[in-house]
Amino acid sequence: MKRASSGGSRLLAWVLWLQAWRVATPCPGACVCYNEPKVTTSCPQQGLQAVPTGIPASSQRIFLHGNRISYVPAASFQSCRNLTILWLHSNALAGIDAAAFTGLTLLEQLDLSDNAQLRVVDPTTFRGLGHLHTLHLDRCGLQELGPGLFRGLAALQYLYLQDNNLQALPDNTFRDLGNLTHLFLHGNRIPSVPEHAFRGLHSLDRLLLHQNHVARVHPHAFRDLGRLMTLYLFANNLSMLPAEVLVPLRSLQYLRLNDNPWVCDCRARPLWAWLQKFRGSSSEVPCNLPQRLAGRDLKRLAASDLEGCAVASGPFRPFQTNQLTDEELLGLPKCCQPDAADKASVLEPGRPASAGNALKGRVPPGDTPPGNGSGPRHINDSPFGTLPGSAEPPLTALRPGGSEPPGLPTTGPRRRPGCSRKNRTRSHCRLGQAGSGSSGTGDAEGSGALPALACSLAPLGLALVLWTVLGPC
């Protein structure tokens, strides 16, 4: 009985103390105030058009969400030195005084989301909030992030900026957020990611950039993101990623790149090579160009599929034109550097042109090979061409009726090492080099070269003999 009586006395004492506290600490009329688990002033969905006065100074949590508050004046919560949580989301905020949160040095959570008319926040609004670890600014109609907006928020871990109208991501915006682990930027209109956009985010674990207009990512934009585990870039305007972009992401486990107009040509090789080594979970990377690869997953292509440079001939067009070329519109380099395999098809000075070489048969003006031009030419007409070994038919093919001119061989011309200075004669050297595959001096070119030589070089007697055998030149 004594134990039951003792328990009842304690309960009665607790109720009396709570009533006394409520009397001693007045609560705004539209609010409910309670002390457990933390001292709380709760005024949600009461139709309030302004921040209520008379909020208990001992409040640790203040809930003002779901009202019609349009403005937060300076020092609205200055007396609440112990405040750790402040919810102002889902109101009609169109402005916040730069000194509205002055004195809230212990504030940990600030929710300003779902205030579509806010649009602009003064860069000094969050100064002094050194303990803030969660900040909601999503769905606030923000068009820009002012310089220094997040300065001094060293404890911030969660930053929600999704579903705004952000049109740029300035350098060094998040530089002071060394402890930030989650950054939500999806659902904006960000067109590119500059070099220092994420500078200083050494602790970032999750970065959501999907559903923007991102067409370019600077090669070093992710340089400080060595701890990043989740990266969403789907539903953007990306057609390629530079080779260096993903290299710093040593901890990456989840990657989504789908719903982008990827160009799967030689410029996609760096991304393709990185994806072959990636051991985490990744989405498909469907190709947009060229047409022959449209819809196929870049990850599943062979290296040989990524040759040449595609042209933007498909239905895709980027968001902004500004009279740029297709490559500039797509954010692509203008051409690809040939790799080792590609270089084999590039004609080099001093090398014979292959049958499939694009330069074959092209002669610059004034570079016509020397010769009398009387017979058909079998030599490559390019400046770097050489006489094919089969260009000259054997002399036996030129004999009429089995006649054999005196002094000439009955077999095809034999390759000679060259003429010595002692016996070198013009006719001797030319006859010895015909059909050898070397252009030499360039005089013996074409199937009619030997008759021409006989006419122009031989002594008169030899010329007459050749005339009767071979016919006129």
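Every residue gets a Cβ built from N, Cα and C, even glycine.
Copied from Swiss-Prot, the annotated features are:
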type   : residues : note
SIGNAL : 1-26     : signal peptide
REPEAT : 80-103   : repeat 'LRR 2'
REPEAT : 105-128  : repeat 'LRR 3'
REPEAT : 129-152  : repeat 'LRR 4'
REPEAT : 153-176  : repeat 'LRR 5'
REPEAT : 250-273  : repeat 'LRR 9'
LIPID  : Ser447   : GPI-anchor amidated serine
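For the repeat 'LRR 5' (153-176), the list of distant contacts is 113, 126, 129-145, 147, 182-201, 208: same-chain residues at least six beyond its ends, Cβ to Cβ under 8 Å. Long-range contacts of the repeat 'LRR 2' (80-103) within the same chain, counting only residues at least 6 positions beyond its ends with a Cβ under 8 Å from a Cβ of the stretch, are 38-39, 44, 55-74, 109-115, 117-119, 121-122, 124-126, 128-129, 131, 136, 140. For the repeat 'LRR 5' (153-176), residue counts in helix, strand and coil come to 0 helix, 3 strand, 21 coil, using DSSP. Secondary structure of the repeat 'LRR 9' (250-273) per DSSP, as helix, strand and coil residue counts: 8 helix, 5 strand, 11 coil. DSSP states for the repeat 'LRR 3' (105-128), grouped as helix (H, G, I), strand (E, B) and coil, give 0 helix, 3 strand, 21 coil.
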